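Input: a single structure, listed below in structure tokens.
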């Protein structure tokens, strides 16, 4: 239920946006081309039957005629398949462009990007906007068209197959339902593994970007070894998860490959006794195999597409989680207003130097000139938390380097001393 809710929440806004008229028109065109390709497939099914009948009857004139029909069918039909895929990819790109703008505006509204980062509410929002949106739009359209094609295929080819040999249709139903059940059992761990792989890969990539952006600071402090170990640890986590993902995929592939190869001979084996008995023509065997494969593909979407479905489910989860966060009207993004009771800031003057009788300076332990305890600093207008539970001791002759947001240090110094750096 959560997955379906998140899918609808992410997918729906575009189709009711200011671009809805053009989007719906383009979607209708894609659906029309999909229906046309299904009709062409049905036509090729009957052309194949007559072609192989002519071949089995050694009728050269009829064979040549059917061959010309086949070539004509290719010339007419292939453009429909190409245009369908092109129209789908174009619509996917248009959808992605709108969604990227939509999410970016929400991400930057009311400094949401800063609140998400400062409070660590979700991981890698950049990946969700860039990679997940691209995967979502392309896969959502592809699966929608696949489902539409499956429904039309099922109606069209079921009638053909049932008319050829009803027991073969029963075999198909049992075979496809059994295969689906086994696929779900073998691949049930793939959804979570794909979700975690997306997260761990993004964490590793973010670490590399962080090193590039902070190269000067890392070199200045000699932090190469720490950064290297951190990156290697993140990569190790991604590697371990990918290893588990490959094992789960391997176990599923053992079954799905056998499942695919068996269907190449199963329909012919079922109808062969009728051909030997002279009840059907040779071309009908080819027709039954073609219809069987079409219907089996429709019934076995989960078997053939399980890995793609599991990866798409992970994308829906990540985008849905991001959308839920952006859609909470700031309830979880509002800054926490911690109590400032208990802050203790004291400024101490250093003691005057004491000279010995021979004029030399006495050596003494440096005194503490500034002590800050449990400081929480908020921005004056927005009330956003800049720093919490800050503690610091500054001793005589110590040096302090403030590295980070300029405004944060300005506010901190102003809070401690009342100084202005303007």
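Backbone N, Cα and C define each Cβ position, glycine as well.
Automatic prediction, not curation, is the source of TrEMBL annotations.
If you look up TrEMBL, you'll see 28-311 marked as domain 'ABC transmembrane type-1'.
The annotation transmembrane segment is assigned in TrEMBL to 27-47 (among others).
Taken from TrEMBL, the feature transmembrane segment applies to 67-87 (among others).
The transmembrane segment annotation in TrEMBL covers 133-152 (among others). If you look at the transmembrane segment (133-152), the same-chain residues 6 or more away from its ends with a CB under 8 A from one of its CBs are 7, 10-11, 30-31, 34-35, 37-38, 84, 88-89, 91-93, 95-96, 99-100, 103, 297-298, 301, 305, 308-309, 311-312, 315-316, 319.
The transmembrane segment annotation in TrEMBL covers 164-186 (among others).
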- Using a Cβ-Cβ cut-off of under 8 Å, list the residues of the same chain that are 6+ residues beyond the ends of the transmembrane segment (27-47) and lie near it. 66, 69-70, 73, 76-77, 80-81, 83-84, 87-88, 91, 141, 145, 148-149, 152-153, 156-157, 160, 287, 290-291, 294
- Residues outside the transmembrane segment (164-186) whose C-beta sits under 8 Å from one of its C-beta atoms, at least 6 past its ends, are 158, 248, 251-252, 255-256, 259, 263, 266-267, 270-271, 274, 280, 284, 287-288, 291-292, 295-296, 299-300, 302-303, 306
